[in-house]
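Feature list (source: TrEMBL):
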ACT_SITE  310  active site, nucleophile
BINDING   181, 182, 183, 184, 185, 186, 187, 204, 237, 255  S-adenosyl-L-methionine binding site
DOMAIN    85-383  domain 'SAM-dependent MTase RsmB/NOP-type'
């Protein structure tokens, strides 16, 4: 099965995300000294123009200009530090708490009179999260966060779409939780904000990124919470987690390394489209399948996994989900059910722009009026 999966991913790469440049556009290298040296950001844009114009069709020009424009942010209120005064200050800026405004002030409705509303389990959001955003079309910026009276930062600035995988995970009080690819730490912090984690394992293979994660935790989370075995930070190979701690967790977040599309268009540093990282980029879908499979194996039967990326690529999104599910079925006889997040999308459609045609999961696409994302997320339940 592994060999078939490798061949399948290679075939997908040839057909889609990393397609061959047409012959008429190729640069024939004659002398090393004359080879053009394009910045990685330009190579990323060329790649996206070639692949996403096919994937998104008429939507691509709008997504493209939004990706190249200034990103919007949200302010995740730090429940460990902030009183109601922080929310009041954010409201004075004309920002709104998009989570509470949507989840707790609007009950789910059936799609039509013949269709029952989805069960609470399928659409329930992780609780206690407060995240403020400016309304559609408002490009105001939040001021930098500052230390509160308890010596912790009042709020954390992040792409508000990054909160959706945590909301979709649907944490319940007392859950054991794994954040398999945790750095730089925004989603880990959000998981802790729910107040539901009996234990949280936060892992990232890169020790430098793990150090950044530790700095976020020190700035936002009280020492007693960090020290009472409630938060464990590790730098292990996430692909082996199913062997290390199989059948262990109630909830697992698998926010995998990806092409980080917006970053790739704006930053040369750590850009995966650098020529020296071509092989690494081509192997991303295989790594993502392995990480998602490990996350599913680490989950208890009946537990839930959310897979997420900040890429628009269907090769890194839907294809990875389908590949990992087939892998678990064929190699481990483990059945995985993909949950329908249609209603979840409808809850948040006033804040984010969603792509309407995902095969599985949901995708936030950048839009000038709501310039968040990209953010793909898919919720799964391990059945056996």
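The backbone N, Cα and C atoms fix where each Cβ goes, glycine too.
Small disclaimer: the values here were computed from a predicted structure and weren't measured.
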Mean predicted confidence [pLDDT] for the domain 'SAM-dependent MTase RsmB/NOP-type' (85-383) = 93
Binding-site residues considered: 181, 183, 185, 187, 237; fewest surrounding Cβ atoms within 10 Å belongs to 237
Cα-Cα distance linking residue 310 (active site, nucleophile) and residue 183 (S-adenosyl-L-methionine binding site), given in Å to the nearest integer | 14
For residue 181 (S-adenosyl-L-methionine binding site) and the residue listed as 'active site, nucleophile', determine the Cα separation and express it in whole Å.
-> 13
Cβ distance under 8 Å to the residue listed as 'active site, nucleophile', same chain, sequence separation 6 or more: which residues?
-> 159, 162, 258, 260, 261, 262, 263, 373, 374, 375, 376
